[in-house]
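Take a look at the structure set out below.
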Amino acid sequence: MPPLYPKVKPNPLQKANLCSRLFFWWLNPLFKISHKRKLEEDDMYPVLPEDRSQLLGEELQGYWDQEVLRAQKDEQKPSLMKAIVKCYGKSYLVLGMLTFLEEGTRVVQPIFLGKMVSYVETYDPTDSAALHEAYGYAAGLSACVLVWAVLHHLYFYHMQRVGMRLRVAVCHMIYRKALRLSSSAMGKTSTGQIVNLLSNDVNRFDQVTMFLHYLWVGPLQAIAVTALLWMEIGMSCLAGMVVLIILLLLQSCFGMLFSSLRSKTAALTDKRIRTISEVITGIRTIKMNAWEKSFIDLITRLRKKEISKILRSSYLRGMNLATFFAVSKIMIFVTFIANELLDNLITASQVFVVVTLFEALRFSSTLYFPMAVEKVSEAVVSIRRIKNFLLLDETSQCYPQLPSDGRTIVDVQAFTAFGEKASETPTLQGLSFTVRPGELLAVIGPVGAGKSSLLRALLGELPRSQGQVHVHGRVAYVPQQPWEFPGTVKSNILFGKKYEKERYEKVIEACALKKDLQLLEEGDLTEIGDRGIPLSEGQKARVSLARAVYQDADIYLLDDPLSAVDAIVSRHLFEQCVRQALKEKITILVTHQLQYLKYASQILILKDGKMVERGTYSEFLKSRVDIFSLFEKVNEQSEPSAVPGTPTVISESLVQSLQSPRPSLKDAAPEDQESENIQVTLPLEDHLGGKVGFKTYKNYFTGGADWLVIIFLILVNIAAQVAYVLQDWWLAFWVNVQSDLYSGVLVKEDEFIVFILNWYLGVYSGLTVSTVLFGITKSLLIFYILVNSSLTLHNRMLETILRAPVLFFHRNPIGRILNRFSKDIGHMDDLLPLIFQDFIQAFLLVIGVVGMMVAAVPWTAIPVIPLGIIFFFLRRYFLETSRDVKRLECTTRSLVFSHLASSIRGLWTIRAYKAEQKFQELFDAHQDLHSEAWFLLLTTSRWLAVYLDVTCAIFVTLVAFGALILAETLDLGQVGLVLSLTLTLTGMFQWCVRQSAEIENMMVSVERGIEYTDLEKEAPWELEYRPPPFWPPNGRISFSSVNFRYNSDSPLVLRNLEEIINSGEKYGIVGRTGAGKSSLIAALFRLSEPEGDICIDDILTTYIGLHDLRKKMSVAPQEPVLFTGRMRNNLDPFNEHTDEELWNVLEEVQLKDTIEHLPGKMNTELAESGLNLSVGQRQLVCLARAILKKNQILIIDKATSNVDPSTDKLIQRKIHEKFAQCTVITITHRLSNVIDCEWILVLDSGIYREAGEPHNLMQNENSLFYKMVQQLGQAEVTALTERAK
């Protein structure tokens, strides 16, 4: 399969030579491109073959499968950690040797330094041998620094790459698992949780691999340094080491705390992302019910809890950083105090060797070691969460199989199955039937009877507890709620099959899509968004049907596809598609359209999961079983209406040729020849160009605190730095005194000397203490400010998003919005405060150190100035590229999430069509695209680091040789000070520049967040003018010259509508699918602003706030939206009603029995989007919700399309009784629902066609309504004509 994003040019790294690899020269062409223009997706280098998602995922999956088998054999729990270690352990350990070498060069540096200081100490201008030796030491020092620079970055680059490969492999496994989850497992997880695993949990791998080796390198290095110190100053070095050991132990304890906080945070994050994902999915319902405020409150509360945990771990991090800042100073202080107390004399060279040895420990033992502890403890939590996900149940798809003897058949004997393992009552019980090719089995029954469960059982999604199921043949499945993936209409229909023009056009014709496709601007190449937008429900259902027909399978499972379309289209689909195109096939049709039963080969009637009757239509007539009486007499049609957007077209034709008999399977071409890739289009979102503006930083900081606090923070930082630098300065004075004591110039017994020494030590202690205090204050303060600003920004994003018009959610796939709420917010919670703190610390340190060097030895300013300039320009050049790469990395990541969210929604369809492999390959292609950006992010930052460190190494060389040449003009304290400071500077300077670049990269997340705080808003929720509380008293609605479109550039969906709905009138709206019926409701609710005037009881809807308008109308929508949580909360989200009212309303919508049989009755927890109820039941819950609001205006928008006719009839009667005084608007495809209305409006393509009383319309043979009724079959027409009188 060719990759989804073909890249012609090879990755230059493959051909790069050793030098180019060490110094990252192979990236230079990319920097040149980026210098000229903004980087685009095509400029990125393709992924290296060994970093491909598929390869890595399958490798790790292999080890994991072995581990699961081993665990089953030994009866233990499998450990994901073991699988990871087996897969990556060896190569990772080999790389660990690099750390060892690199840290080794760090420890050797102080020895060279000491030799140089002792040369100055015993300076003798005549001794040339000593001078040459000193030059040798200087050269050794420079070489060490250079080798360290190259090794350090080589190590980090390889470590991060291992981290990336591990992350990619685990993501591949998570997605692969998601495609295999059984229905019961889906109840235990949620899209939000899987998104969180893919965004935040796997990120720990990127971080942990970098620091893991320091768990053993740190202690080893500490031992080596102790040995060297012992050789230099004896006993007193132990005092400093005790401080270090205490700190390391403390930090290990912090690590334990981190892991417990991390698992608590993760659970809260899961919950928050799940809620946000449900809000985005159900945004229409939330807007129509004016629930935005309550959902903002709910999510804000969750976020508050999450932040309180994040703040705790941030404070721990702050303490870690503060110890890193001050620890070397404390250790030096304690060591020298111990030395004084032991009355040891000490030379200048010894003092500076001690100082630089402690500095050498600084990174590995006090920064990287605690980092390693923290990251390892967090990674362990993440690995545990991922392992639990990977161990969820999978579906065991034992059938459908391919026929053994070339005969296709569906044979079910005494089949029983339980939906939930815990439930007492089986979902299906004792079913038996057989269907052979060319037969049509119609399955009917009341809502919640188990019709969809029966199809799930045939797909192998519902595990059997007893009985036999034989499904021989290839299966095509049409789900009750159609699923489209992002792509063109055509690719949705082809679904990976080869395009054959003739067959395709026949399918389009059979599925009644031809006219719809002509209405779309780009025909079947129209791009469908995340949820099938801009197609109407009826069009989506037909695309879904066309996909099935085009597959040319043997067995067709159709789950009520006819409910979503109007009577005329329904008749067409049944005649052309079910009876013609599928006449040779095994077809099992779940339906509520009873008028078609006479054409079925056999009929199966279900109730409560049991078979009530089975037989043919004629048998039923003979035995006088009146099918209609089984659920009251009704037969009708129901069809969904246009979703916002243009009337849409759907896909092509499926039929080979309607006449030719089906070739036997033996001659059929093998599958692979006619399959292709599934074409998915997920557009990359636009990303901003240029640098992150000052305004972004200002908004970020002021989001978390007032200016006063920020100014205080700046002052504390400066104070900490001054105390820190003065300490080194003071040390230089003390050294000169010590040196004189050692050489005997001064005598310790002298009172004045004792006074001076004590005074020196007193000030020194004061400086040390203030360094520690200021260090801790500034760390905690900055974390407090930045974590709070992340909270503020999140809440502002949330509020803005809920104030955005519905259109925003149609244009942006859910993955893109979730990406900002999971990944970008995660960055702001975890990484940004850390990097900011780190940068400010490093920046001030560099300023302080440079200032002090220049003050001590003024000539050091000569190399410092060009150094600063080089750094500045390197950073600027680097940022041009890295910013773009970072933005690309953010946008390519959204695709991974969108693909995941879309796949989970269409899980059953993907599995029924056996398309898992294709979707896995697509996921891998999206991952590879993200890896391209990520890999560039790693390598570009290493490119910068290497060049900075090499520049530093040159600087050290200059200073070292300069100090020797000018030895006679300098005193000891100055030489030692300058040399020890330049060594501190090497790591620090480049770290500072890199962190500043890293901040700018990370600020892209803040920028993307802020971008979501100024979206286009819909009209205000409340205006100055509030309607009176009892408004509307009558519920009279008038439309005058109303035009409506979904967005400014789309065509009109309603044209020039003039209509009056009188108060208390029962008003029906009918028309074919896509006629603009639901759009009329959208205009009434102002989901998009209509042109023209709509008045309700003489108040213009545009004169009042949206909430005032929307709260006064109840709507039961066609797409039922339920939220995770208790059944009760779904009916009455804000506890405004008593239990009694709730039970009464459930009785009115015929759900009381069903709910009473649930294990927790009203307190039963619903799965994500209510998956444990059938679609019909979900529609009824939404209808109950609308009825509870007791408004003067009730709108029923095909809210019962998936409910059986008899239940529907009961409900309609109840509503008419209960709402006798209210205005009720019914939109439907089931004509019996509107035949009792007082007035009927017929729409066609957004235009008013005709209106009148049902009786009059039925008399007029030219009326559109009359023609629609005639499609229904004779018995039905007579019944309706009777009722209309």
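Cβ atoms here come from the backbone N, Cα and C positions, even for glycine.
As written in TrEMBL, here are the features:
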{"type": "DOMAIN", "residues": "93-358", "note": "domain 'ABC transmembrane type-1'"}
{"type": "DOMAIN", "residues": "410-633", "note": "domain 'ABC transporter'"}
{"type": "DOMAIN", "residues": "711-1001", "note": "domain 'ABC transmembrane type-1'"}
{"type": "DOMAIN", "residues": "1037-1270", "note": "domain 'ABC transporter'"}
{"type": "TRANSMEM", "residues": "134-157", "note": "transmembrane segment"}
{"type": "TRANSMEM", "residues": "211-231", "note": "transmembrane segment"}
{"type": "TRANSMEM", "residues": "237-258", "note": "transmembrane segment"}
{"type": "TRANSMEM", "residues": "318-338", "note": "transmembrane segment"}
{"type": "TRANSMEM", "residues": "344-361", "note": "transmembrane segment"}
{"type": "TRANSMEM", "residues": "707-726", "note": "transmembrane segment"}
{"type": "TRANSMEM", "residues": "759-787", "note": "transmembrane segment"}
{"type": "TRANSMEM", "residues": "831-854", "note": "transmembrane segment"}
{"type": "TRANSMEM", "residues": "860-878", "note": "transmembrane segment"}
{"type": "TRANSMEM", "residues": "944-966", "note": "transmembrane segment"}
{"type": "TRANSMEM", "residues": "972-993", "note": "transmembrane segment"}
- Across the domain 'ABC transporter' (1037-1270), the model's average pLDDT, rounded to a whole number, is 84
- Message: Within the same chain, where does the transmembrane segment (237-258) have neighbours whose Cβ lies under 8 angstroms from its own Cβ atoms, ignoring anything closer than 6 residues to its ends? I mean 6 or more beyond.
- Response: 218-219, 222, 226, 229-230, 312-313, 316, 319-320, 323, 327, 330-332, 334-335, 337-338, 354, 358, 361, 365-366, 369-370, 373-374, 376-378
- Query: Looking at the transmembrane segment (860-878) and the transmembrane segment (944-966), are there 3+ C-beta pairs under 8 A, with each pair at least 6 apart in sequence?
  - Reply: yes
- Chain residues outside the transmembrane segment (944-966) and at least six past its termini with a C-beta under 8 angstroms from it: 22-24, 116, 119-120, 131, 134-135, 138, 141-142, 145-146, 148-150, 152-153, 156, 857, 859-860, 863-864, 867, 870-871, 874-875, 878, 882, 975, 978-979, 982-983, 985-986, 989-990, 993-994, 997
- Query: Between 318-338, 344-361, 707-726, 759-787, who has the most Cβ pairs under 8 Å to the transmembrane segment (211-231)?
  - Reply: 344-361
